[in-house]
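Novice: Structure in C-alpha cells, see below.
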Amino acid sequence: MKEVKLGECGLSYAVVSIMGPQSSGKSTLLNHLFGTNFKEMDAFKGRSQTTKGIWMARCAGIEPCTIVMDLEGTDGRERGEDDTAFEKQSALFALAVSDIVLINMWCHDIGREQAANKPLLKTVFQVMMRLFSPRKTTLMFVIRDKTRTPLENLEPVLREDIQKIWDSVPKPEAHKDTLLSVFFNVEVVALSSFEEKEEQFIEQAGNLRQRFFHSIAPGGLAGDRRGVVPASGFSFSAQQIWKVIKENRDLDLPAHKVMVATVRCEEIASEKYSNFTTNEIWRHIEESVQSGPVSGFGKKISSLLDTSLSEYHSEAVYFDEGVRTSKQKQLEEKLLQVIQPTFQSMVGHLRSNALEKFKEAFEKALNSGEGFSSASSRCTESFMAQFDGGCADVVIPLADWDTSKTRDKLRRDIDAHVASVRAAKLAEVTSAFERKLTEALSGPVEALLDEAGDHTWQAVRKLYSLETESAMSGLADALTGLDMDEKTVEEMLAGLKDFARRGVIESKAREEAGRVLIRMKDRFSTLFSRDSDSMPRVWTGKEDIRGITRNARAASLKLLSVMAAIRLDDEPDTIAKTLSAALVDVPGSASSNRSLTLGDPLASSKWEEVPVPRTLITPVQCKSLWRQFKSETEYNVTQAMSAQEANKRNNNWLPPPWAIVAMLVLGFNEFMTLLRNPLYLGMIFVGYLLFRALWAQLDVSAEFRNGALPGLLSISTKFLPTVMNLMRKLAEQGQAPATTTNPQPNHALASSSMNNTTSHHSTTAPSSEGPPGLGYT
C-alpha cells in the first residue's frame, strides 16, 4: 500500500483476482493483461506449482488504480490433502475483497461432467453462502486455448453448466430460491492459445485489457460498489478477513465493514489528535495564554480545528457514514477537551484585565471630580463592552462554549468593587460627620452637665437638635452622588442621629455620671469656701455656717438630680423632688413620720418615670453617693466652725469691763506715782518695747491658735533663744561707733531694735486670711 500509494485512492480503486487449476496459465494471463510480473511456469522444466499462496500487484497503466491478486492454483499435487481447505479459504478471501474474479478454464473442458471447472465453481458458490449480505461480484470466465468452435456456441453451454452447478449447491433457507444473477454478473471471454498463437493471444489480451479501464464506473465490470472498503482501510480489512477465514468462521461483510471503518476512523482520529497536540502553533498559543491574552485566539484555534477535522474528513470520507460521523464527533470532543482549559484561561485573563482596568479608570474618574454614580455606570458599561468584545475574539464556533458565567462573575466583581469603594466613601463621610458631631457636642455637653441646673437638659436638647440637624443636612448632601436608594440614605441619617444621641451625649452623660461624686464635692467646696463674689471666705465669726452648708449641699443635690437620668426626650419626672424630700435635712419628727408611713423612696433600683436604659444613677446609688458626699464634706464644715471659734478667741484680748473698773480704782495710786515720777514712764516704755519685740519674735498669737497648752509649750521652748538673740543684737548696736554730728539718745537703741523685730515679723506673719491683729505692715 505504501509503495503504490493505495491509501490516497479513496474509493477509486478496483480489486481483480484470478482462480483456476494449477498450471493453467493464470500468471501468464495476468502479466499480459495487466502488465504485472508474476512468476510464470517454465514449460521446459515440467508442469509444477509456480504460485504459492496469494500474490498481489498493481496493474500498470490502468485507471483507476487496480490491484490484481494471483491465487494459488486448485487441484495441485503439492498441497496434497490440505488442497481443499486452502482452496476454499482462498476462494472465500477472493470473493470477499475482489470486485472482479477471473476464472481461468480450458476450452476443451466445457461440456464435460467431471472437468476441473466444476469443483472450482462449486467451491466458489459454496463459500459465497458464507458471506452475509455479499456484494454482487463479476465472474469473468476466461476460456483459454479457444478452438474453432465459435464463442456464441460455447457460451450457452457454459452458462447452462454454471446454472446447474448453482442449483446443485446447498443454500441456506434465506437464499434457497435466490437467482444466480443476484450474487454474480457472469461474463464470458475466449482467448487463443498462448503457445500456438502467441501474437493472436497478445492481441486478444490487449483488447480484453481495455475493458478494465474505468471498471468502477456505472456499467463497468466492477459497477456494483456496495461493499467496497476505502483504499486506506484495505490492508486492515484484508488482514481481518483472512483472520476470520483462518478461524473458519462465517464472514459478515456489513459488520466487517463497520469494524474496518471503526478501526480506521479511530486511527485517523488518533493521528489528527496527535498532530494537533504537537502542532507548533497550538503549543505556542497554549504557552502564551499562560502569561496573558493572545490576540485572535478564536480565529487561530478555529483554523487549527478546521484543518484537523477537514484532514480527518478527507481521509475517512469513504468509510461507513455512521462510524465516520461518530468518530469525528469524538475527535471534536477530544480536541475541545484539550483546548478548553486554555480557553478558560483566556477568558479568565479577559475578566482579570477588564476588572483591573475598571478599577484604575474608576479611581481616576473619582479623583478627577466626576460623580460617583456617573463614574460607576460609565466605567461599568465601558469595560463590560470591552469584555464582550474580547469574548467575541476568543469564542470558538465549533465549541459553542458559554462565557455568560464568567461575564456574570465579572459583573459581580465590578459591583463588589463599586460597593467596596462606596462603603469606603460612606465610612469616610460618616466618620467625618461623626467627628464633627463629637467635637460640636462633647465639650458643650460636658460644660452644661458640669453647671447642672434646672434648665441643663433643656439646653442639651436644644444643642442636640441644632447640631444633629446641621450634620444630617450635610450628610444628606454628601450622599447625593453615591447612587444610594432612599431607604439606605434614611437609615444612614438615622444612624448619624442615633450616634449623636447614644455615642456622644449619652456616652458623655454616663462618663460624667461616673464622676458625679467628685463634681458634687467640687461644687460644695466652691460654694462653701467662696462668697458670692467668688472671693475666699474668712471665718470671722459673723458667717452663718449652717445656712452656707445647707445652700452648698442643695446645689450639690441639684447636680446629683440632674445626673441621675438622661432627659433628651423632654419627659417630666420627679427625681429632684424625691431626692430633696429624702436627703435634705428636715425636722426629725416629720422625717420619722414620713419614713414610717411611706417607706424609703430611694430603696429601689430604678426610677418610676424613667426607663432603665436612660437611668444613669439609680435611687439606691443616689442614696449611697449622698451618704459618702456628706461624710467627705463634713470635715470642711468642722474646720470652718473651728476657725470661727479660734478667730473669736484671738480677737478677745481685753479683760472684762468689771476688771477694767477695778484696775482703775485699785491702781489709782500707782498711776499718780507714775505721773509724779516721769522716769518710771520711760522705763515702762522701754519695757513695753522689749515686750512687743518678744511678742513679734515669738509670734504668740499664731502659737495660741491651736490652743492654750500647745501655745505655752511652744513659747517656752522658744523663749530663751529669742531673748538671747535680742540681747545679742542690742549689744552689737551698743558697740557701734557713734557719730559726732548726730548723736543718738539712749532710747534710740530700743527703737531700732523694735523696728528690726517688727520688720522681721512683717516678713513672717501669716497672710491676711488668718485672724486679724496678728500681722504688721
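Positions of Cβ are set from backbone N, Cα and C atoms, glycine also.
Annotations in TrEMBL come from automatic prediction, not curation.
Pulled these features from TrEMBL for this protein:
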TOPO_DOM  1-654  topological domain 'Cytoplasmic'
DOMAIN    10-225  domain 'GB1/RHD3-type G'
BINDING   Gly20, Pro21, Gln22, Ser23, Ser24, Gly25, Lys26, Ser27  GTP binding site
TRANSMEM  679-696  transmembrane segment
TOPO_DOM  700-777  topological domain 'Cytoplasmic'
REGION    734-777  region 'Disordered'
COMPBIAS  736-745  compositional bias 'Polar residues'
Novice: Determine which residues of the same chain, besides Gly20, Pro21, Gln22, Ser23, Ser24, Gly25, Lys26, Ser27, have their CB within 8 A of the center of the CB atoms at the recorded GTP site, and list them by sequence.
Specialist: Gly73, Asn104
Novice: Between Gly20, Pro21, Gly25, which of the binding-site residues has its C-beta surrounded by the fewest other C-beta atoms within 10 Å?
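Specialist: Each of the binding-site residues Gly20, Pro21, Gly25 was scored by Cβ atoms within 10 Å; lowest is Pro21.
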Novice: For the domain 'GB1/RHD3-type G' (10-225), what's the model's average pLDDT?
Specialist: 80
Novice: Let me check the 10 A CB neighbour count of Lys26 (GTP binding site). How many other CB atoms are there?
Specialist: 28
Novice: Quick one: of Ser23, Ser24, which of the binding-site residues has the smallest count of other CB atoms within 10 A?
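Specialist: Counting other Cβ atoms within 10 Å of each of the binding-site residues Ser23, Ser24, the minimum falls on Ser23.
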